Structure formats: C-alpha cells, structure tokens
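According to Swiss-Prot, the protein has these features:
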{"type": "BINDING", "residues": "THR11, THR12, SER13, THR264, GLY307, GLN311, GLY409", "note": "ATP binding site"}
{"type": "BINDING", "residues": "THR11, ARG81, GLU82, TYR133, ASP242", "note": "sn-glycerol 3-phosphate binding site"}
{"type": "BINDING", "residues": "THR11, ARG15, THR264, GLY307, GLY409, ASN413", "note": "ADP binding site"}
{"type": "BINDING", "residues": "ARG81, GLU82, TYR133, ASP242, GLN243", "note": "glycerol binding site"}
Amino acid sequence: MKYILSIDQGTTSSRAMVFDKNANIKGFAQKEFTQIYPQPSWVEHDPTEIWGSQLGVITEAMANARILPNEIDAIGITNQRETTVIWEKNTGKPIYNAIVWQDRRTAKICDQLKKEGKDKIILEKTGLVLDSYFSGTKIMWILDNVEGARQRAENGELCFGTIDTWILWNLTQKKEHATDYSNASRTLLLNIKTLEWDDELLSILNVPRAILPELKESSTIYGKTDKALFGAEIPIAGIAGDQFAATFGQACLKKGMAKNTYGTGCFLTVNIGKEPIISHDKLLTSIAWGRKKSVTYVLEGSVFIGGAVIQWLRDGLEFFRKSSDAEALASSVSDNGGVYFVPAFVGLGAPHWDSYARGTIIGITRGSTKAHITRAALESIAFQSFDILNTMKKSIPNFEIQELRVDGGASQNNLLMQFQADLLECKVVRPKITETTALGAAYLAGLATGYWQSAEEIVSLWQVDKIFEPSMPKNQKEKLLENWNKAVGKAKSWIQNSHSS
C-alpha cells in the first residue's frame, strides 16, 4: 500500500499529513514556530526554523501513520503565499529573515511606484493590485538593505524563493531551485498571460533575473528528496500556494465553481477557467494551478478579519471561554437586534481596500446584549463574503453562483453557514474533509505520479458533510444588507484625518 505525504507550511505552523487513496488522513503532525516583529507593521520568520519545524513534522506524521519513507508514493507542497526568502546559493544560508505576507514595511515603495503610474502596468500583466502584500517589493527591500546583497544577486550568488521554493531546495539538498505558476503569480514579477518572468516588471521592481527560480507546472515531478533525509528518494510532484491548493482540494475544477475558506481571514476564490479576467474592482486574478500544459485562473477576494472577530470577543472582551461557544450564544437570540459589527480592525480588504477604516459596532440600544453583539460578529463574516461575491458578479461575465463550497475553522459554525446561504441565495456546501489545503497539494502530487488517474477521480472523492439551503425572505435579506452597507459607510476612512491608528 502506498501513500501521499502533504507538506502544509502555514503562517503560524508547519504541518504534514499522510493521505491514502480514498483521501483519508492516516497521519498528522503540526509544530508552531516563532513570529518575529522587529518593529510595528513588520513581520518576519526565521527560514531555518521553518525548515527545521517542517522536517520534524514530516518524520512525525510518517511515524503517526506507522509507515516507512519507501511507502510514500509522492510528496505535495502547499505554503503561505508571498512570504519571501533570499539565500546564498553555495551555503543555502538565508541572508535575511523571511519577510511575511502580512509585513507592511514596503508600503512607501508601493506609494512611490503608484505615483509613477506603475500600478496600471502591474495590474494588466500580473492581475494584482500594487501592494506590499506581494513578494516583489519585499525582494527589492532585502537587496537594498542587506549589505552587498544587490551586487551578489547580480553575480548569481543568491537565490530568491517563496516558501515552496525554500522547502523544495532543502528537501532536494540544493539540487532544485524552482516554483510553480500559482506561487509565481503572487510575486508581481510573473506575466500571467505569457507565463514567464517579465523583463518590464523586473525592471520596475529592480529585481535581477539571476536570482529567480525555474517555473514549472503545479502537478509535475520537481525532483526527489535527498536520500540522507529519510533514507529514501521520494518524488516531490506537486506544489501550489495555500488558497489555490484548497480550491483544488475542494474539487472546484470547473469554470464558475467557488470556494470560501473561513479562517482568521476569509479567502474566496472562483475558478474562471483558461483565460484570465483582469478585475477593475480590486479583486485579484491569479493562476490557481498548471497541469497538462495549461493553466487555470481564479479570481480571489480576501477578507482581513473573519474568524479573528470571534477570537477578539473571546480574548479582548471575554464574552466566552471557547470560540466554539459563540454559536450557542448567538443562537440564544432570534436576530441581531439591530446591531451591526464591522470588524475593520486593520482596515477593510476586498472590495473596499480601505486601510483607514476601523472597527465599528453600531445600532446598540439599552436592550442589546452580548448575544446580539456575538450574532452581529458572526454575521459580519458572511456580509463581508457576500460583498466579495457580489463584486465578482460584476467582474465575471454571466456569472451565477450555483453553490459555495466551504472550509476552514469557522465553516463548522452552522449558524454562520446558514446565514451565508441566506445572503447569497445559493447552497452552501461543507465537505467531510475540511483539510482541503493539504488535500489539494496531495492530489496535485498524486496526479503527477499516477497514484490518482484523473481529475474525475478527484471529483469522485469529494464528499458532502452538510448542505445549507437559503430560506430567508427576500425583503428581510434586503433590509439586512441595507443596514450593513450603512454600517460599513460609518467605518470607512475613520482615521483618514487623524494622526493615530
């Protein structure tokens, strides 16, 4: 019996999972690692610690599954996207910490490039908004702030990679320096139409071509693990960024299919097929995966604060002891009692992109209780996801959503999922396996080696846990949305004219 090992390198922890042919989890391990905050709005990770934690959980997951390395058919890698590492080609030693996707230190670089009108070129070629979220300006910052780095980069002495590339390089012990199209599409350096690193983009961001990894499909054999690591040479056969792997793991393989991941934030992706659609409504167009000589594109919208609003009620206001208690408290009242909660703790993401918005709880009366506020907080997650899907309808011609597939921690909340179905007026479907990110990477690897035969087989493995059908009267829904939009209006631009944030 053979298995697939999935490496899931996330923002706060490194995980590994072993799957069998029926997509059942046979072994699992997870290890958290250090978050480094050198100054406000800066976020870093130690790449060596990431690799060490990842190596540890791979061995642990195999032990938990009671299998030997030679029983692994292939390895798939999925990762936190955009996070940037630069290391020495000869020694494999990082020249600086990894700069994490959440890091805002390059915001001023982005502002300057916008003043020069570069954001329009970047949007047309990459499908991305010009923002410090993506890798391009992070690379620029490291090369300009680490002594001698730019010269060494131009001499071909350094390697750049997103986290997938860093893990691959270490698994193969310096033999493979490559990335997949999905991760590359989040760097600001890949032309998503030609599928090549783009000279004009490299020139705008002042990034030397010599440091870039080779571009490959997401489902192909990248190389093998070095025998010294596990005592076996295991093919590494699948790579995709986390939200793209989750889209694949949800079997959203046809154009028009959509998934939403309800984690700390929410990430909503819609498969838009084989042709990119560039959104002028501040949604992101990316490559979800490349396989069989073609790529699939997605449109993505992200909500900064999703499940994190419930953590805040738990830790900041001490409304309940466990996040899972939120559902019972919110269900103890029949509606939000006129209370609306806009959780713009760090501004608003898509489709507003307002970094000056701040959190707002509005409509409170003497009769409001913590149950109403908790219900309003849960509803805010669904309202924000509704706003993204509504914007997607404007960007995608003839787009009518049939069902929304859901995963992530907060997808276990039945009240929230029912409210989401009511707002969207479509089915919300939760699968049996909600570890869709790791599963997607496993599928991509297994398809490359023939462990799974076809996309149809992947679709057949996807199983429903629960379907939520819309049941709210239209006039009630419209009233809720009208009030939500009023509340968002109050939260927007809150600190625009003040000096504090």
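Just so you know, glycine gets a Cβ as well, placed from its N, Cα and C.
Shown on the structure are the features that Swiss-Prot records.
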| residue | record | DSSP class |
| --- | --- | --- |
| THR11 | ATP binding site | coil |
| ARG81 | sn-glycerol 3-phosphate binding site | coil |
| TYR133 | sn-glycerol 3-phosphate binding site | coil |
| ASP242 | sn-glycerol 3-phosphate binding site | helix |
| THR264 | ATP binding site | coil |
| GLN311 | ATP binding site | helix |
| ASN413 | ADP binding site | coil |
Quiz item: Pick from THR12, SER13, THR264, ASN413: which of these binding-site residues has the biggest number of other Cβ atoms within 10 Å of its Cβ?
Solution: ASN413
Practice problem: Determine, to the nearest whole angstrom, how far the Cα atom of ASN413 (ADP binding site) is from the Cα atom of GLY307 (ATP binding site). | Solution: 10
Quiz prompt | Candidate nearest GLY409 (ATP binding site) in space, where candidates are the binding-site residues ARG15, ARG81, TYR133 and distance is Cα-Cα | solution = ARG15
Quiz item: How far is it from GLN311 (ATP binding site) to GLN243 (glycerol binding site), counting Cα to Cα, in Å?
Solution: 22
Quiz item: Taking the centroid of the Cβ atoms of THR11, THR12, SER13, THR264, GLY307, GLN311, GLY409 (ATP site), which other same-chain residues have Cβ within 8 Å of it?
Solution: GLY263, ALA308
Quiz item: Around ASP242 (sn-glycerol 3-phosphate binding site), which residues of its chain at least 6 apart sit with Cβ under 8 Å of its Cβ?
Solution: ASP8, GLY10, THR78, ASN79, GLN80, ARG81, THR437
Quiz item: Which of the binding-site residues THR12, ARG15, GLN243, THR264, GLY307 has its Cα nearest to the Cα of GLU82 (sn-glycerol 3-phosphate binding site)?
Solution: GLN243
Practice problem: Please tell me which one of the binding-site residues listed here (THR11, THR12, THR264, GLY307) sits closest to TYR133 (sn-glycerol 3-phosphate binding site), measuring Cα to Cα? | Solution: THR11
Exercise. Drop a 10 Å sphere on every Cβ of the binding-site residues GLY307, GLY409 and tell me which sphere holds the fewest other Cβ atoms.
Key: GLY409
Quiz item: Across all protein chains in the structure, which of the binding-site residues THR11, GLN243, GLN311 has the highest Cβ count within 10 Å?
Solution: GLN243
Practice problem: List the same-chain residues at least 6 positions away in sequence whose Cβ sits under 8 Å from the Cβ of ARG15 (ADP binding site), in sequence order, or say none. | Solution: ILE7, ASP8, GLN9, PHE28, ALA29, GLN30, LYS31, VAL57, ALA438
Self-check item: Cβ atoms near ARG81 (sn-glycerol 3-phosphate binding site) (within 10 Å, other residues, all chains)
Solution: 25
Quiz prompt | Count of other CB atoms lying within 10 Å of the CB belonging to TYR133 (sn-glycerol 3-phosphate binding site) | solution = 23
